[in-house]
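> Dropping the structure in here first, questions after.
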Amino acid sequence: MNDLIEFDETQGLFHLHNQQISYLMAIEDFGLLSHLYFGPAVAQYHGQRRYPRRDRGFSGNLPGAEDRRFSPDTLPQEFSSSGAGDYRIPAAEIYQANGSKATDFVYQGYQILAGKPQLPGLPATFVQDQAEAATLVITLVDSVSQVALDLSYTIYRQRPIITRAVLVRNQGQTPVRLNKIASVQLDFPATDLEVISLPGAHVRERQVQREKIGYGVKSFASRRGATSHQMSNFISLVTPATTENQGAAYGIELVYSGNHALELEKDQLGQLRLVAGINQADFSWQLAPAEQFQTPEVILAYSDQGLNGLSQAYHHLLKERLVRSSWQNRPRPILVNNWEATYFDFDEAKLRPIVDQAAELGLEMFVLDDGWFGHRDNDRSSLGDWVVDQRKFPQGLTHFTNYVHQKGLKFGLWFEPEMISRDSALYRAHPDYLLAAPDRQPAPSRDQFVLDLGRADVRENIYQQMAAILATGQIDYVKWDMNRHFADLFSSALPADRQGEVSHRYMLGLYALLERLTQNFPQILWEGCSGGGGRFDAGMAYYMPQIWTSDNTDAVARLAIQWGTSLVYPPSMMTAHVSAVPNHQTGRTTSMALRGDVAMSGMFGYELDLTKLTPTEKQVVKAQIATNQQYRALVQQGDFYRLSAPETLAGCAWAFVAADRSEMLAFAFSELSQAQPVFQLIKFVGLDPQRQYQDQATQQVYGGDELMNLGLYRPVASGDFQSWRYHFRAL
Ligand code: DGJ
């Protein structure tokens, strides 16, 4: 027993609770584990809410049941089998040697552990001391196949968070094949919950979509081998009345970077089932006797303070108990990246003036993007050959990195370690290193192919190549890119009946490689990237504190992208750059001021040819750098609040509030200006209503309650694409 987890033996009830949330389960007839409740805390559960019994036509019973009113097809459950009378989406599908996939998982026992065990080989949230969380492991067993499921639930003491994962153990005498194994199932009583998801596309990631949930099945998924730009692996379930600051909001977030599916089913009785985990499309896994399979972790959160409350819960958890980098709380260097400045057309002589200019303007890091290795003058060659191109750097890379360092700048370098070009020495030496089906041409995408990272020898090759460069000690930052999705799921290293394992083995291989590199080079600031935000997820955040949010650097488009991303990920994870106008993705021209304010709302940098700036623009850049240096700790470590959504008449606004509520930096943005403008209020959130705050620009003093309840009228925009900054300090 533990003060966070109780088991009532007489009633067969499990209660996980802290000051904020409760999670309740019960052992039912036949050992089924039912889900009773997840939501605001109840101090003590007296056992009165049990699932009512009723005979429902065509919802059958369990073998040997006398009571026709008890059906696995209607009971809210913790982890449903398939082929045992529950017709809703199953959480597990396990084929046995005889071809049957029927399983009937029943309660066998439980264990309560202090703290939270880590998941072998997988990213996961952690604890710093054993008292801050407790873990309940409930074991279910299918008596025929002797497959056991260890369902683990960790509750954090101070957070409205429960993490879950499942360990499958084959205790039988014959192999089984996992066809589906979810990380979580969560059943809700009849409900009018709505779902918020984050669909998108390349250069248009994580756009907020909110919809009613109708009868039937709805799935938010990726089978692209990566989290994807197209559908994030997070959803929120909210009541129709939930707003940014009020109402109930549940969050479901996978700690995984590969194929995922978050499935919802509203059943015949209006009850809602959620099942989430590795996408069963392109997945199967052989489990020999005595073998185990660990699912990825899922983070469940609940807030009764609307979506901002939910986001705060995730932001704090990810910043404090997922990201492990030594850079998590250190000021991130203001960088200039040469991608949009030069693309592939550069050499040391052409880059030096950009470096000179960066130093003169006060930037802190120069990042050399794609094109420095092999003979890569375009995107058709050299991936896999992590050797500097002597044509571009005749005196070697170190000659250039020395130059950058002598200018007082840090040096960052781009890699795309998971990929191979056919035009590469690596491909010529190891044509079998890429994923490709026998006798078929693998499908190119950006003219590149995916390395089989499930293979230890492939990982070793890439590790050695990268380590040789990183070990020079010249590299302060690495941008880890990944620019295509999987198509040819076949590994030359696996037998025919294991080809369904390729995608997940790839992820395990990727995580192993990332672990080795980030642990062996912990001083490096690692940034994730996948054609922008194609793999923006909690799995990658375990290794890398920041991720390139989108290849779309247009400030206006970025408002919606950063807004949507912030639903679950903190600004400390989002990198954002000021780029040239007309913008390379949208063709739009916006002011330096707007571009600066949007980029400063994340981890800040530039992505343009600094030598082409006008004298006035250079002054603006200098001022922006000073401003960012003043505010970056607040942006990185403060609490982020969404105030008003992009693409609304009022216009986008958001704020960063210090943990002790002594300071607030807020931004308001306007998109298209109006001829007969409606006066719009901006109401701030997260301040202390008892304290007085001084506007640092006007010296005007306001009560925290005034700023939050009365708000201020926003300035009226004259002209499109404007932004305003507010900075208040408590007196
Ligand atoms: C995609 C990234 O998102 C860009 O920033 C850039 O690094 C290119 N790849 C380089 O190929």
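Each residue, glycine too, has its Cβ placed from N, Cα and C.
Where the annotation comes from TrEMBL, it is an automatic prediction and has not been curated.
Pulled these features from TrEMBL for this protein:
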DOMAIN    31-288  domain 'Glycosyl hydrolase family 36 N-terminal'
REGION    53-82  region 'Disordered'
DOMAIN    652-728  domain 'Glycosyl hydrolase family 36 C-terminal'
> As a quick check of your reading of DSSP, tell me how many residues in the region 'Disordered' (53-82) are helical, how many are strand and how many are coil.
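Split into helix, strand and coil, the region 'Disordered' (53-82) gives 0 helix, 1 strand, 29 coil.
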> Using DSSP, what's the helix, strand and coil tally for the domain 'Glycosyl hydrolase family 36 C-terminal' (652-728)?
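Across the domain 'Glycosyl hydrolase family 36 C-terminal' (652-728), DSSP assigns the residues as follows: 7 helix, 31 strand, 39 coil.
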> Mean pLDDT for the domain 'Glycosyl hydrolase family 36 C-terminal' (652-728), rounded to an integer?
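That stretch averages a pLDDT of 97.
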